[in-house]
Amino acid sequence: MASAYNQSDGGRFGDTNIVGHEKCESYFLFRGETTLGEGFRTFLYFLGLAYCFIGLSAITARFFRSMENVVKQSRKVVEIDPYTNAEVIRYEKVWNYAIADISLLAFGTSFPQISLATIDAIQNIGNLYAGGMGPGTLVGSAAFDLFPIHAVCVVVPKAGELKKIADIGVWLVELFWSFWAYIWLYIILEVWTPNVITLWEALLTVLQYGLLLMHAYAQDKRWPYLSLPIPRTERPEEWVPGEVPSPTHENNVYGEENRNVVDIFSIHSNNGPVYQKVPVTDDAAESSNKHFHQEKDLHVLSLWKEQFVDALTLESLETRKLNSIHLRVARISWQLILAPWRLLFAFVPPYHFAHGWIAFIFSLLFISGIAYIVTKLTDVISCVTGINAYVIAFTALASGTSWPDLVASKIAAERQTTADSAIANITCSNSVNIYVGIGVPWLIDTAYNFFMYNEPLRIQNAAGLSFSLLVFFCTSIGCIAVLVLRRLTLKAELGGPRIWAWVTFVYFMLLWIIFVVLSSLRVSGII
C-alpha cells in the first residue's frame, strides 16, 4: 500500500486536519480505488473497519472459552496417606488467581491493541520518528476500558444484586501500577527526555510489567513487607464458575461443548482439591488412561467437525421457531454476514484440546491478523479524510479493539460471584497497554535506532499525547472516586439499585466523552 504522506514531515501523525488536505494516492487493495470519490472511499473503508471489529467480536467468544479452560487446568500431585500409607493423587490449580487475571485475562483481551501497536512499530522500523497509531490506540483504549466498560459492568448484575471486590488488597496493587503506568509515560515523554524515547526508557517500561506480576503475587500470598495487611473476603475457587447446562442453545456445536466440558475435564471443574486412589495394578491404570484419551480425542475431533458444520448453517432451530418472518430474515441475514468469519474461525481447535492452550494461541494469531488489516485501513482512512490519525485511534480503533475487554469484563460481571475479575481486567488491561502495548513496540524501534544509527526514537506529537494522558489521569480519578463511594455506601462496586446503577453508567460515559473530545481537539491543533 502506497502512502501519500511522509511520517518525518508530520503529515501522518502531525497537525493535519480535514480541511485542505492533499488528494490521497494510497489504496487498500487496488490502485483503481484512487479513482473513486473520496466520500465513497471513506464509506467503504469505514465499512471494512466495522467488519473487522465484527470479526474481533466473533473470535472473542472462542478466545474467552479457551482462556477459561487454561485457568481451570490442574496438576497431579502424588502423596502418601499418613494413616493408611496408601498413595493418594491430589489435583491442585496450576494458575494463581491474581496472576491469571493479570496475565491471561488482561494480556489476552488487550492483544488486539498490542498487535496493532507492534505491527505499527514494525512498519515504522528504521524511521527516527515513532508511529502514532499504536500509542494513540492504547491510550484511547485505556479510557474506553476505564469508563464505558466500568459503566457496562455496573448495570450488568440483576436489579438489587451486589457484587464487590473480594480481594481489595490485590485490586489496590493493580490500581497503583495502572496509575503509575500513565505517570511513567508522562515522565518519559515530558520530563526526562522531552519528545524522545531512549532504549533504556523503553526497556524499563517493559520490565515494569514483571514488577506488576511479582507485586500482585506477593499481595495475593500476603508476603510480609511486600503486601498490604488487608484481609480478603471469600471468593470463588474457580476463576469463572461453571455454567449450568441449558437444554436449548443457539447452535449445536456450542451446546455440545457446554454439555461435555465437565465430562472431559471433570477433574478440573471441582472447587476443592480432588483425591483419587491409585489403581491396584499398573496394567489397569494404563488401559484405563489409554481408553480415556482415545475417547477424548474422538470427542474433540467430532467437535471440530461440528464447528465447520455450524459455520455453514444459517438458520438454527431457535430461528425456525420464530413466528415473525422479519425476525427470521434479520437473523439469517446476520448469520450470512458472520459466515466468512465463522468459517475462518472454525479452524481454531476446540477449546477442550490441550487444556485450551491450542485454541488460546490460535485465537491470538487470528486477532493479530485482523489487527494488521485494521492498521492498513486506518492509514488509508487518515490519508483520504485528512483526519489526524490520533483522533481515529482515540475513537474508532480504541473502541473496536477494546471489544474483547468489554466482552470479558461483562461475562465476568454476569457469571462471577464477586467483582474481582471484571474490574481486575480493566485495571490490569490499562497496565498491560503501557508496559507491553507501548513498551514492546518502542523497544523494537529504539533498539533498531540505537544499534543502526545511535539515535533515540523521536515522538512527533508528544505534546498532544501528554495532554491526553493528563486528561485521562484527571477523569480516572473521578471514576475511581465513584467506585470508592459505591463501596462505602452500597458495600459493592457493581450492581445495586437500578436507579443508582444507571446514574453511575451515565456518569462514566460522560467522563469518556470528555476525554475523547478534549484529546481529539488537542491533537488536531484546535485547542
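Just so you know, glycine gets a Cβ as well, placed from its N, Cα and C.
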Practice task
If TrEMBL is the reference, give me the range from 332-351, 432-451 marked as transmembrane segment.
Solution key: 432-451
Completion exercise
Answer key: the stretch among 43-64, 199-218, 432-451, 463-484, 499-521 with most Cβ pairs under 8 A to the transmembrane segment (380-400) is 43-64
Completion exercise
If you count CB pairs under 8 A between the transmembrane segment (199-218) and each of 43-64, 168-187, 354-373, 432-451, 463-484, the winner is 432-451
Handout entry: Cβ contacts the transmembrane segment (168-187)/the transmembrane segment (432-451), at least three under 8 Å, sequence gap 6 or more
Key = yes
Exercise for the section: Please give the sequence-distant neighbours of the transmembrane segment (43-64): residues at least 6 beyond its ends with Cβ less than 8 Å from one of its Cβ atoms. Expected result: 28, 36, 108, 112, 337-338, 341-342, 345, 348, 351, 359-360, 363-364, 366-367, 370, 373-374, 377-378, 380-381, 384, 396, 400-401, 403-404, 407-408, 411
